[in-house]
Amino acid sequence: MTFAATVLTLYPEMFPGPLGISLAGRALAEGRWSLDTVQIRDFAIDRHRSVDDTPAGGGAGMVLKPDVLAAAVDSVSGDVPVLAMTPRGKPLTQARVRELAAGPGVAVLCGRFEGFDERIFEGRAIEPVSIGDYVLSGGEIGAFVLLDACIRLLPGVMGAASSGEDESFETGLLEYPQYTRPVTWEGRTIPEVLRSGDHAKIDAWRKARAEEDTRLRRPDLWERYGGDPVLSPSGARQKIEE
Ligand code: ADE
């Protein structure tokens, strides 16, 4: 089954961009996913082909017009969920990425300027999604992030590695740290336990490090995982027995 991605944007020439190379690019060439772009401006109604207008109530920037957005969204087949990239959206999670990757595809609406006229979210079934607590100049880079996260999970794209239950966020914890040769680099040696061949000890060490790094770097994830609340971030790691 092909995962059908449609991107609605004022800059279709940005695509496939980074999704045309490496893993995602190979999967695209193999037909594991497909990409269509829709030029939002093609749905402008006035003779100036305008897609935006000044914000009601005043303020800086321009707002994408609901009539133009609706016409663009209505041009996409109704079989896939429609997401809109916006810093006002619900934060994207690995759990949502897994659901989307298991479905028929996704349509991604990319904003520019100050954002979307809010009525588009009332008039159409569109899920507002954010890729993080910072503001991008447009939704296209968010769309790359969302699509990349989905594509790597499609069957045959990454093989065993992407089904990895150890991956960051799959367990509710950050992944444990990784090492490879040389055994000693600039005086720093790979933890002895990882070279011991004792798989029970290795698993225990990895779990301890995953928990510790999550507690220190992501107290939000740590508390959701059920760890004791982090009172004050000390910054310093405890020594885990090697
Ligand atoms: N557009 C601008 N900022 C964004 C963000 N953080 N996530 C998704 N889309 C955006």
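Cβ coordinates come from backbone N, Cα and C, glycine included.
Per TrEMBL, the features are:
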BINDING   G111, I131, G132, D133, Y134, V135, L136  S-adenosyl-L-methionine binding site
DOMAIN    6-223  domain 'tRNA methyltransferase TRMD/TRM10-type'
REGION    222-242  region 'Disordered'
Candidates G111, G132: member of the binding-site residues with the richest Cβ shell (10 Å): G111
I131 (S-adenosyl-L-methionine binding site), number of other Cβ atoms within 10 Å: 20
Greatest C-beta neighbour count within 10 angstroms, which of the binding-site residues V135, L136: L136
Where the record names G111, I131, G132, D133, Y134, V135, L136 as binding S-adenosyl-L-methionine, the maximum Cα to Cα distance in Å: 16
Whole-number mean of pLDDT values that fall within the domain 'tRNA methyltransferase TRMD/TRM10-type' (6-223): 96
